[in-house]
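J.: Quick paste from TrEMBL:
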ACT_SITE  LYS211  active site, proton donor
BINDING   LEU17, GLY18, TYR19, GLY20, ASN21, VAL22, GLY23, SER24  NADP(+) binding site
BINDING   LYS111  NADPH binding site
BINDING   GLU196  L-homoserine binding site
DOMAIN    360-436  domain 'ACT'
Amino acid sequence: MTGAQFGADQPVGVAVLGYGNVGSEVVRILQEQVDDLQQRVGAPLALRGIAVRDASRDRGLDPDLVTTDARALVERDDVDIVVELIGGIELPRELVLAALSSGKSVVTANKALLSEHTGELAEAAEARNVDLYFEAAVAGAIPVIRPLTQSLAGDRVHRVAGIVNGTTNFILSAMSETGADYGETLAEAGNRGYAEADPTADVEGFDAAAKAAILASIAFHSRVSASDVHREGISAITPQDFESAHALGCTIKLLSICERVPSPGGRDRISARVYPALVPDSHPLATVGGAFNAVVVEAENAGRLMFYGQGAGGAPTASAVMGDVVMAARNKVNGGRGPRESKYANLEIAPIGDIPTRYFVNMQVADKAGVLSAVAAEFAQHGVSISTVRQEGEGTGARLVVVTHTASDSALSATVSALEQLEFVTAVTSVLRLEGTHR
Ligand code: NDP
Ligand code: HSE
């Protein structure tokens, strides 16, 4: 269809694939806000159908709208925009490609799909001059994709860092506040509906890495996939780590960090990484509690911008999805399209070993003379400068907590391997980065 055909009597047809947490809220908004949406778009939005896996469940929907044949729904001539809210990768990929290649715009919240297949999907959208929008894929309700792609299109972004996974932020916030261990708080996250039956994607950082890949791609005009993102999860964090962090005036957060890194050859590279890190209590990200998300963008001219809000949940995520639906529908009505994928910079990925940060190293040691100097000697030997050392506990329970100045990941890894060989170091119990402080 061409733009000129849409108007008061010619609706923009919308198909919703998936009627789960997010899909059901999108349908609710489409049905409750008919008049407002028509005014904003310039033509009515007509819900053509809803694809589900199990059509036998009573969901209080008009049975004529419900289908298990998502492919047939996507291919209907009266569908102009496909909203993909099924999740997973293979089926959504097939459906989204089918939609784009038949000239329909697509809105999706699917970060797993985008972090693996953005290139292919963007090319399919390009070939048919249609929109591929995904505001809800990163940080739920929080507008961050559109600010990066449009509001900051005239600026140069240096860093995008934040908390983009609500489940892990809930767990870490609860551990910090109550002193409870990881297992207890994970169970509580499950009881509250944050953690899924298989929480691996959240707690091992896969979800945050997929979001980091999307953020890095758009912030730095390059294609970055989830496999380019260095990833560490939170399942090894202990109450003892929090005790040590608190003693240093810090808390622990799972951070997604995307940075433009100057390199010796003169051409910038990209670092994209996800890991739990100590963050000073005074840092804005330290105060982001519960299942909330926040993203801090640093741009050359705009300076520092912070985006904060609900990063998950049916209604908040549906808000972002509907923003994209309205934009895609307006573009249909006006006969145009939104911004294309921007990948002109084509920057390379910097390996994690090259990335300098400060570190916090917690080790169990024998409590006797000479231990501290031997430990300090290993740091010196590998060119890692120590900022502070604390002893916690005594006798067999003695621990040394070392905070370093900035060091490369490779120098720190070599130091830790050497420490593990020392006879009076019983164990290096944790190694975490320290972010958000002057180096
Ligand atoms: P749900 O698991 O709640 O819903 C998935 C829906 O897809 C269900 O209605 C299911 O049908 C339907 N479905 C599954 N397989 C098929 C199939 N083969 N054909 C047709 N329909 C199918 O997922 P969410 O709503 O939580 O998430 C949807 C997407 O949004 C995911 O990509 C997720 O990553 C993303 N997202 C989710 C957020 C959240 O807070 N939940 C936040 C941000 C993004 P049935 O109901 O019959 O089982
Ligand atoms: N599992 C994700 C989270 C949902 O906990 O943030 C939002 O993408």
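Glycine too: its Cβ is placed from the backbone N, Cα and C atoms.
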J.: Looking at the domain 'ACT' (360-436) alone, can you tell me the average pLDDT?
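T.: Averaged over the domain 'ACT' (360-436), the predicted model reaches a pLDDT of 93.
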J.: State the Cα to Cα distance, in Å, between LEU17 (NADP(+) binding site) and LYS211 (active site, proton donor), rounded to an integer.
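T.: Each residue's Cα considered, LEU17 (NADP(+) binding site) and LYS211 (active site, proton donor) end up 21 Å apart.
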J.: When DSSP states are folded down to helix, strand and coil, where does GLY18 (NADP(+) binding site) land?
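T.: Looking at the DSSP assignment, GLY18 (NADP(+) binding site) belongs to neither helix nor strand, so coil.
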J.: Would you mind reading off the Cα separation of the residue listed as 'L-homoserine binding site' from GLY18 (NADP(+) binding site), to the nearest angstrom?
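T.: Rounded to the nearest whole number, the Cα-Cα distance is 17 Å.
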J.: I'd like to know which of the binding-site residues ASN21, SER24 has the most other Cβ atoms within 10 Å of its Cβ.
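T.: Going through ASN21, SER24 one by one, the largest Cβ count within 10 Å is at SER24.
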J.: How long is the line from the C-alpha of ASN21 (NADP(+) binding site) to the C-alpha of LYS111 (NADPH binding site), rounded to the nearest angstrom?
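T.: Cα to Cα, ASN21 (NADP(+) binding site) and LYS111 (NADPH binding site) are separated by 16 Å.
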J.: Between GLY20 (NADP(+) binding site) and the residue listed as 'active site, proton donor', what is the CA-CA distance rounded to a whole number of Å?
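T.: Per the Cα atoms, GLY20 (NADP(+) binding site) and the residue listed as 'active site, proton donor' stand 21 Å apart.
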J.: So among the recorded positions LYS111, LYS211, who's got the most Cβ atoms within 10 Å?
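T.: When each Cβ's neighbours within 10 Å are tallied, LYS211 leads.
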J.: If you count CB neighbours within 10 Å, which one among the binding-site residues LEU17, GLY18, TYR19, GLY20, VAL22 has the smallest count?
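T.: Among the binding-site residues LEU17, GLY18, TYR19, GLY20, VAL22, the sparsest Cβ neighbourhood within 10 Å belongs to GLY20.
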J.: Suppose we draw a 10 Å sphere around the Cβ of GLY23 (NADP(+) binding site). How many other Cβ atoms does it contain, all chains included?
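T.: Excluding its own Cβ, GLY23 (NADP(+) binding site) sees 25 Cβ atoms within 10 Å.
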J.: Within 8 Å of the Cβ centroid of the NADP(+) site residues LEU17, GLY18, TYR19, GLY20, ASN21, VAL22, GLY23, SER24, which other residues of the same chain have their Cβ?
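T.: Neighbours found: VAL16, GLU25, VAL26, VAL27, LEU85, ILE86, GLY314.
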J.: How many Å separate the Cα atoms of LYS211 (active site, proton donor) and GLY23 (NADP(+) binding site)?
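T.: LYS211 (active site, proton donor) and GLY23 (NADP(+) binding site) have their Cα atoms 20 Å apart.
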J.: Could you give the number of helix, strand and coil residues in the domain 'ACT' (360-436) as assigned by DSSP?
T.: 27 helix, 31 strand, 19 coil
J.: So which of the recorded positions TYR19, GLY20, ASN21, VAL22, LYS211 sit close to ligand 1, that is, with a CB under 6 Å from an atom of it?
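T.: If the test is a Cβ under 6 Å from any atom of ligand 1, the answer is TYR19, GLY20, ASN21, VAL22.
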J.: Distance between GLY18 (NADP(+) binding site) and the residue listed as 'NADPH binding site' at the Cα atoms, whole Å?
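T.: Each residue's Cα considered, GLY18 (NADP(+) binding site) and the residue listed as 'NADPH binding site' end up 15 Å apart.
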